[in-house]
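Below: one structure, written as structure tokens.
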Amino acid sequence: MILLTMAVTVKSLRPTCANGVCNKASSLQIAFFYMSLYTIAIGAGGTKPNISTFGADQFDNYSLIEKKQKVSFFNWWMFSSFLGALFATLGLVYIQENVGWGLGYGIPTVGLLVSLLVFYIGTPFYRHKVIKSDNLAKDLVRVPIMAFKNRKLNCPSAVLELHELDSHYYKSTGKHQVHHTPIFRFLDKAAIMTCSGELPCTVTKVEVAKRVLGLTLIWLVTLIPSTLWAQVNTLFVKQGTTLDRKLGSHFQIPAASLGSFVTLSMLLSVPMYDQYFVPFMRKKTGNPRGITILQRLGIGFVIQIVAIAVASAVEVKRMRVIKEFHIASPKNVVPMSIFWLLPQYSLLGIGDVFNAIGLLEFFYDQSPEEMQSLGTTFFTSGIGLGNFLNSFLVTMVDKITSKGGGKSWIGDNLNDSRLDYYYGFLLAISIVNMGLFLWTASKYVYKSDEIKEFSGGCVEMEAKALDTSPLTIQL
């Protein structure tokens with residue numbers, strides 16, 4: 001951020017301008033600017049996958065009070081993140097455009113320096129999870145390889161016949177033992193003891209691989225919802241640029257600023273969810289979270305589907321107004337208020353309370369004990385890939401629909417396109433994806449770590465075999 005601030009303030013590092021016209025940036029200026037951006041990206045690669053995980057690690061799973069508090073952690077973590085995003089989109093963007101880019105970048109730079117100072121002050125008080133396992137990545141690769149080598153062997157009917165170390169080994173080393181589960185039985189072949197002389201994988205290592213595979217399947221069915229969310233910064237904005245954006249006689253609302261309503265609706269919904277919805281559902285279900293994490297995701301995905309359906313309906317209305325007033329030019333403003341887009345933005349913000357926060361909590365909570373930063377990586381990579389998938393779909397649909405001189409659904413002139421058809425296409429694939437999610441969720445088996453409280457006030461963690469009953473999502 002210091003480099004980026006320098007890139008817009010130091011005269012030798014930015015192009016010279018005269019009468020509102022700027023000269024072309026030199027190779028050195030361009031190189032310095034992109035070096036600043038990639039330095040930020042590298043830094044974000046260190047913080048984003050780990051900081052929320054590190055925050056959740058501050059809660060002691062062996063304490064009943066802290067375990068209950070941890071349920072709310074991701075709600076308020078995401079709340080604070082969105083609060084920062086709201087300040088950036090409303091405050092910093094205004095400063096950058098109306099006061100100066102130097103101050104606009106300087107404020108978050110100072111903020112980061114203060115955050116760094118606070119972080120170091122808190123260092124003596126943080127809890128650090130000690131990783132006692134071996135090379136986890138190597139084990140994840142070795143399990144499927146061993147299972148493939150033993151593919152022609154039959155799995156023993158008794159779990160005790162599979163290779164596993166003595167429980168005293170795990171107690172003495174402090175490593176986490178994972179009990180056998182009946183899912184993904186083909187991977188159990190990696191733990192079959194053979195006469196080849198090659199040491200098989202332990203049941204614990206096989207179960208870790210199973211858990212990562214289960215997370216991967218859930219991750220795959222979250223890509224379409226991430227694609228739907230990408231519309232906030234793409235087609236929703238493009239849709240808004242064609243509408244009447246006047247607020248009063250002089251002020252015109254920037255189309256992109258409507259995205260702040262996603263943040264606002266999310267910020268309003270998080271306290272309601274945490275303070276009212278969770279306690280209410282906790283009484284009904286007995287679940288500390290109120291509802292299971294996959295149920296939370298399912299509700300969020302349904303809200304997203306409703307949002308894209310509303311967007312499609314609004315687009316149908318926009319097309320009717322265009323036809324009524326015979327609008328053809330992309331420069332002509334459609335006589336329809338931009339506030340017609342508010343419901344779809346607000347619904348996506350409410351949906352985020354269920355699916356975005358739910359995804360972050362799910363991947364952290366369900367990741368293997370020593371790999372919980374991997375869970376956050378699942379979350380961030382899903383969002384990134386969803387954006388790539390969105391770009392791919394837009395490009396492919398544009399090419400296919402404009403083939404042979406046809407009218408593109410997403411052309412440069414949105415007043416002469418069929419965006420309603422594209423939203424209908426997104427609605428169809430999101431409904432199909434919802435069916436896949438329900439099927440995957442019904443097969444998923446949660447990690448089962450229970451805490452028992454004893455009369456003396458002490459607590460003990462009991463790890464036991466997972467419940468293999470089908471998981472049904474009540475929506």
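A Cβ is built for glycine as well, from the same backbone N, Cα and C atoms used for every other residue.
Because TrEMBL annotations are produced automatically, they should be read as predictions rather than curated entries.
Taken from TrEMBL as is:
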type: TRANSMEM; residues: 28-46; note: transmembrane segment
type: TRANSMEM; residues: 73-95; note: transmembrane segment
type: TRANSMEM; residues: 101-122; note: transmembrane segment
type: TRANSMEM; residues: 212-231; note: transmembrane segment
type: TRANSMEM; residues: 251-273; note: transmembrane segment
type: TRANSMEM; residues: 293-314; note: transmembrane segment
type: TRANSMEM; residues: 345-364; note: transmembrane segment
type: TRANSMEM; residues: 376-397; note: transmembrane segment
type: TRANSMEM; residues: 421-439; note: transmembrane segment
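Contact between the transmembrane segment (345-364) and the transmembrane segment (101-122) does not hold: fewer than three of their C-beta pairs are under 8 Å, each pair 6 or more apart in sequence. Most Cβ pairs under 8 A with the transmembrane segment (73-95) among the ranges 101-122, 212-231, 251-273, 293-314, 376-397 are made by 251-273. Non-local neighbours of the transmembrane segment (293-314) in the same chain are 218, 222, 225, 228-229, 231, 236, 239, 340-341, 343-344, 347-348, 350-356, 358-359, 361-362, 365-366, 420, 423-424, 426-427, 430-431, 433-434, 437-438, 441, 444, 471, 473-475; each lies 6+ residues outside the stretch with a CB under 8 Å from one of its CB atoms. Below 8 A, the CB atoms of the transmembrane segment (376-397) and the transmembrane segment (212-231) form 3+ pairs separated by six or more positions in the chain. Long-range contacts of the transmembrane segment (28-46) within the same chain, counting only residues at least 6 positions beyond its ends with a Cβ under 8 Å from a Cβ of the stretch, are 1, 3-4, 6-7, 13-15. Residues 140, 183-184, 187, 294, 297, 300-301, 304-305, 307-308, 311, 348, 352, 355-356, 359, 362-363, 366-368, 371, 374-375, 378, 381-383, 385-387, 389-390, 393, 426, 429-430, 433, 436-437, 440-441, 444-445 of the same chain lie 6+ residues outside the transmembrane segment (212-231) yet bring a C-beta within less than 8 angstroms of a C-beta in it.
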